[in-house]
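**Q** Below, the features straight out of TrEMBL:
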TRANSMEM  9-29  transmembrane segment
TRANSMEM  62-83  transmembrane segment
TRANSMEM  95-123  transmembrane segment
TRANSMEM  150-176  transmembrane segment
TRANSMEM  196-218  transmembrane segment
TRANSMEM  238-261  transmembrane segment
Amino acid sequence: MLRLLLPAVLYTFFIDPLVDIIVAFLGLYSDPPELTLLRLIDLSKSIYRRSWINVHGIRGPVWYTVLLTIFDSTAILSLPMGVHYTRGILSRSQPFFPTLSGITVAILSSFAIFSTLTLGLLARTAKSLAPVEDDETAVQSFKGGMNIPALLYAIWNEASFAFITPALLAVFREYFDTPWTIRLKRPSIRTKAISVARYSYASFLVHPVVSVTVEVFLDRLMGCGTSKVIPVGETIGAFWTAMGVGMLNVLACSIVAYGLVQYVPLARRLI
């Protein structure tokens, strides 16, 4: 429980505001500010104060760890200790069409629950699902309500879990269900084995800060927001640009996670 909940709390109060500090201090699309310690301290105080005043819950990707904490707590409180269950008829593979009907019900439920419900439900839904003519209306549709983005998200959310996730889990169970180990050559003859799984949780926790930092520096390097922008995306294509930046982010997150777990005692005990 502590490994799930405490990092989520620390992330919400300290790491999430740090992302805003990085973007604001480096001035993503403005002239680079004077990198003075005094300016950094003043900016950090202002952002942290505003973040703590306006906090209303868990922020960032740690919502997932909080959800796991809720599941674990529910299981501990509701299931007697030491009870073992055997697989029954309901745990066996079910026919496709009952499963498909269950997915359909889940999609409709998600669409209804996560949208704003009023007495004029049918009329408003039909109007919201109609094609939009202007950009402003299209942007407003992403803010919620019964509209096409909400419907598409409900379909994707349930269908991807029902169809894509089992396929991915089956592939990983078949081909990758073994520890991934990287061997680093030391100055001496010996090598050091590093288990990737040991640092995966730390990589998950630090990836927003690390990724934003990498991307801000890349934007600066390419001159984004200036008259001397380097058209990398137009030169090599958006797909390869995203792939390259993504791989760089993964490498940077892994390095930071390794250093955090190896050389920070508190982090090593928690994660």
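Just so you know, glycine gets a Cβ as well, placed from its N, Cα and C.
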**Q** Sequence-remote contacts (6 or more beyond its ends) of the transmembrane segment (238-261), Cβ cut-off under 8 Å?
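**A** Result: 194, 196, 198-200, 202-203, 205-207, 210-211, 213-215, 218, 232, 267-268, 271.
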**Q** Do any residues of this chain, six or more beyond the ends of the transmembrane segment (196-218), have a C-beta under 8 angstroms from a C-beta of it, and if so which?
**A** 3, 7, 11, 15-16, 18-19, 22-23, 26, 28, 60-62, 179-182, 245, 248-250, 252-254, 256-258, 260-261, 267, 271
**Q** Would you mind listing the long-range same-chain contacts of the transmembrane segment (62-83), meaning Cβ under 8 Å and 6+ residues beyond its ends?
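**A** 1, 4-5, 7-8, 11-12, 205.
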